[in-house]
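Peer 1: Structure incoming, see below.
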Amino acid sequence: MGLVSLLEVSLMPILQVLMLCMLGAFMATDYLKLFPSQTRRALNRIVFSVFTPALVFSSLAKTVKLQDLISWWFMPVNIGITFVLGGTLGWIAVKILKPQPYLQYLVVAMCATGNLGNIMVILIPAMCEEPGNPFGDKSTCRTLGLSYASLSMALGCFYMWTYTYHLIQHSSTVYRAMLEGEGETANEQNKDLEATQTSPLLHRNSATDLKPAAALGNKLVAVSRQILEELKAPPVVAAFVGFVFGAVSWLRNLLVGSNAPLKVVDDSITVIGDATIPCINLILGGNLTEGFNKSKLEPKLAVVVIVVRYMLLPAAGIGVVKAAAHLGLLPDDPLFQFVLMVQYTLPPAMNIGTMTQLVDVAQEECSVLFLWTYIAAAFSLTAWSTVFMWFLS
C-alpha cells in the first residue's frame with residue numbers, strides 16, 4: 001500500500017467529520033438561523049436516548065458472536081488500557097498546567113477516550129480494499145475488519161458512558177460549585193458581623209459527626225448508586241442487550257439474517273442508528289460557532305491533548321500489543337493486532353460533545369478542542385498506520 005493511498009484512506013473519515021461539522025456551523029450562523037442552541041440541545045437528547053443505543057445494539061447483534069467474544073477477549077482489556085494510560089497522562093498534564101478546575105476533567109476525558117466508532121468502521125474495511133495490504137484476501141479481511149471495528153465501537157461505548165460520562169458529570173458539578181462559590185462570596189461581603197460570629201457555632205453543631213464507619217458506609221452507598229445510575233444510561237443498556245442477542249444464537253436468529261422472522265425490526269433499528277454520527281457532527285459544528293467567541297480554552301490544553309493522543313499513546317500501544325503477541329495472548333491475525341494498535345491513535349470520541357451538552361458544561365471549549373484534534377488526526381493517523389503496517393508486515 002503506497003503512502004498516497006494510505007493518506008487518502010486515513011483522510012476520508014476525518015474529512016467526513018470536518019465537512020459535517022462545517023455544515024452544522026453554517027446552519028447555526030445568524031445568516032441561516034436553522035440550528036439554534038435550543039434545537040441542538042433537543043437533538044442531543046434524542047441522540048443520547050434513541051440514536052446511540054440503536055447504533056450500539058444493531059452493531060453488536062449483527063457482528064459479535066459468542067465464539068468471537070471468547071477468542072477476542074484481549075480487545076476489551078486493550079481498550080481499558082487506552083483509557084487508563086490516556087487518563088493518567090491527561091491527569092499528569094493538568095496537574096502541571098493547572099487550568100480551570102472544570103476544564104481539567106474535560107482534558108482528562110479527551111486524553112482518555114478515543115473515537116472507537118465511526119473512524120474505525122470506515123478506516124479498517126478501507127485498508128482491506130487497498131492492493132498490497134498485509135492482511136490477506138480482501139473479502140475475508142473486510143468481513144473480519146468490520147466485526148473488529150463493530151466490537152471496538154460497542155466496547156468503547158460501554159467505557160465511554162461509564163468512565164468518561166462520570167468525568168464530564170464531575171466537571172459539571174465542579175463548574176456549578178464554582179459559580180455558586182462566586183455568588184456566595186459576593187453575598188458574604190454584605191453579611192452582618194453578628195451573623196458571622198454565630199455561624200461557626202451553627203457549623204460546629206451541624207457537624208456532630210457521624211462515626212467513621214457510618215461515614216464510610218454512606219460513602220460506599222453513594223458511590224454504588226452513582227455507578228448504577230451510569231449503568232442505566234441508554235447506550236450502556238443497549239450494549240448489554242446487544243451482547244446478549246449477539247451471543248445467544250436463537251435470539252440472534254430472530255433478528256439477523258435474510259430469513260429472520262423479525263428482520264424488519266433489525267432493519268428499523270439500523271436505520272435509526274445510522275443517524276447517530278451525522279447528528280453528533282452537526283451538533284459539534286453548531287457549538288463551534290459559539291466556541292471561538294465564548295471559549296476560555298488556552299491553546300496549551302489543545303497541544304496537551306494532541307501530544308497525548310497522537311504521540312505518547314500510539315508509542316505505548318506498539319509496546320502493549322507487541323508484548324501481548326509475544327506472550328501468546330492474541331490470535332495469529334495481523335489485522336487484529338493492527339486494530340488493537342489503531343485504538344491508541346484515534347482522535348477524541350465525538351460522544352464527549354454529547355455528554356457536555358447533556359450536563360451543560362464546557363460545550364464551547366469541547367468544540368474548539370475537537371476542531372484542532374481532528375485536523376491533527378489526518379496526519380497522525382496516516383503516519384502511525386504506516387508505522388503499524390510496517391511492524392506487522
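The count begins at 1 with the first shown residue.
Even glycines carry a Cβ here, placed using N, Cα and C.
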Peer 1: I'm validating the feature mapping. Which of 214-232, 271-289, 347-365 is tagged transmembrane segment in TrEMBL?
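Peer 2: Of the candidate stretches, TrEMBL labels 271-289 as transmembrane segment.
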Peer 1: Cβ pairs under 8 Å only, please: of the recorded stretches 12-31, 43-61, 301-325, 369-392, which one is richest in them relative to the transmembrane segment (271-289)?
Peer 2: 12-31
Peer 1: Please determine whether the transmembrane segment (43-61) and the transmembrane segment (301-325) are in contact (criterion: at least three Cβ-Cβ distances under 8 Å, sequence separation 6 or more).
Peer 2: no
Peer 1: The transmembrane segment (73-94): which same-chain residues, six or more beyond its ends, come within Cβ distance under 8 Å?
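Peer 2: Counting only partners 6 or more residues beyond its ends, the transmembrane segment (73-94) has Cβ contacts under 8 Å with 103-104, 107-114, 116, 148, 151-152, 155-156, 159, 163-164, 304-305, 308-309, 312-313, 316-317, 320-321, 324, 329-330, 339-340, 343-344.
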Peer 1: Are there three or more C-beta pairs under 8 angstroms joining the transmembrane segment (106-126) and the transmembrane segment (301-325), sequence spacing 6 or more?
Peer 2: yes
